[in-house]
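Novice: I'd like to ask you about the structure that follows.
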């Protein structure tokens, strides 16, 4: 057998050759060689080919489309005309769009003309020192790449248009809605002579979030003669439909990881996650999950600096962000979910990314796709995702770009263990967590539950958050797509209450038939349970006093109300019966008339006329009798 030829995966070995400044840029960014997806996609996209790229999470898709876009724009015969667009990159989320823009800006800092456009205008900055070097200038015909980020929620569409007219960017990056807003302006032009490339990143996510109509409208505004790249971690029927509409004879690139099976057959099987990522599961009761997570964090060497903990709902995040610091001491807990205002989301995301101390991002699926969080060591899934497709995207936050990572999914004993086989069928095999070896005792679980409850007792606001979060979690669990595995009827409510550190189980339909202790063996006087916030506590006490006064009045009028109610109900009942009787009578009469022949109906009309005539005669006689006052004396 002939020896295999070693492939040169350096960026300088790509064909067509990359510009020297691009090679310098990726080298400075720490990328020594191309990933498989970059090695396959960059040459094809730089040529005149549409590409459909299916690659595992964390495979370097972002540079795989940014490098070709920049190279193509900077190799044009003339610079892009003013207010003309050369390329558009569509992202499903604001966070992902922001990261794409950040990576592109880092790349363009190595191209002097483009880097000059990234700097703020002189009028937007304070007066500079005399020693500050002047801003470099370039001839009018100099080619450059100028990006603009378009995000809903942060600035208005009018501000986006103002920035576009001022800077005249030729690369637009944003979410579908805000991109479409800008493209509708008569001042924004995408003619065939200028427009070069369209990229749809995380295409399946774009469709899952309901952006199909916006995507079609964007595509309809672009010239058909263009290069199009569709990048995604998975393919679906909806994505295939988008490919048929938006791409012309695309080159399909599927980059998967090959892993040798552990069975005796020695088969080679495809994996949809990086080889550097270890995906494991731990079967443990609900109240043991947080203690187990604590032991995993303390057992790993070196200590994980960045970890992600996934929960199923926003309200769950709102609750656990307050109680987990009591248990996971030494870690910064950073919350991030879709209901946070845009400024809060950006602030918390940047706080986690820039953190230099051990941190845990507490989040929902808003961070499961596309977010390029560097150096994530560990991913926990306290709740398996409701959509199985999301599983690999959650796990894929760790083990990116060849870095070793660990993803641990917690499962309840019993039916939930079927989830393991469920994932294997979908080419996502997971193995039991053996390293580190974790053992949690009932005493460990009780100690953690006690700490959480102690924290919750300090402030009634946490009690409210716990109740709301638990109800939202139960509803999310009941809507799991793998409903045969995740069943409400199989839940141990006492275990769950202890796992959450609840002081009492909330009143909800799922617990109506449950015969257990909803107070969880805890004494709690809600009348004296106070809010830490003085204004909120004052309002609660006022409402409590008002309820007491209304309760006294209700007792005084209870008997009277009951008597009135009984008499009223009796009268209403009689009237209701009378109305019902009349309706039945009318219905029977209608049915009787409907069955008559024409002759019978004529006879009926004649009889009714005679009866009516007789009624009038009798009524007239009664009126005359009423006027008669007797004989005079």
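Placement of Cβ uses the backbone N, Cα and C atoms for every residue, glycine included.
Per Swiss-Prot, the features are:
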type	residues	note
BINDING	55, 56, 57, 58, 59, 60, 61, 62	ATP binding site
COILED	530-629	coiled coil
COMPBIAS	119-131	compositional bias 'Acidic residues'
COMPBIAS	624-633	compositional bias 'Acidic residues'
DOMAIN	292-446	domain 'Helicase C-terminal'
REGION	119-140	region 'Disordered'
REGION	547-633	region 'Disordered'
MOTIF	11-39	motif 'Q motif'
MOTIF	201-204	motif 'DEAD box'
Novice: On a count of neighbouring CB atoms within 10 A, which of the binding-site residues 59, 62 is highest?
Specialist: 59
Novice: Just to be sure I understand the packing, how many Cβ atoms besides its own are within 10 Å of the Cβ of residue 61 (ATP binding site)?
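Specialist: There are 27 such Cβ atoms around residue 61 (ATP binding site).
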Novice: Any idea what the model's mean pLDDT is for the domain 'Helicase C-terminal' (292-446)?
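Specialist: The predicted confidence over the domain 'Helicase C-terminal' (292-446), as a mean pLDDT, is 88.
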Novice: Go ahead and report the DSSP secondary structure tallies for the motif 'DEAD box' (201-204): helix first, then strand, then coil.
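Specialist: So the motif 'DEAD box' (201-204) is made up of 2 helix, 1 strand, 1 coil.
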Novice: Can you check what DSSP calls residue 59 (ATP binding site), collapsed to helix, strand or coil?
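Specialist: DSSP call for residue 59 (ATP binding site): coil, neither helix nor strand.
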Novice: Please list the DSSP helix, strand and coil residue counts for the motif 'Q motif' (11-39).
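Specialist: So the motif 'Q motif' (11-39) is made up of 16 helix, 0 strand, 13 coil.
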Novice: Validating a neighbour-count step here. Other CB atoms within 10 A of the CB of residue 60 (ATP binding site): how many?
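Specialist: I count 20 other Cβ atoms within 10 Å of it.
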Novice: Would you mind checking how many other C-beta atoms are within 10 angstroms of the C-beta on residue 55 (ATP binding site)?
Specialist: 25
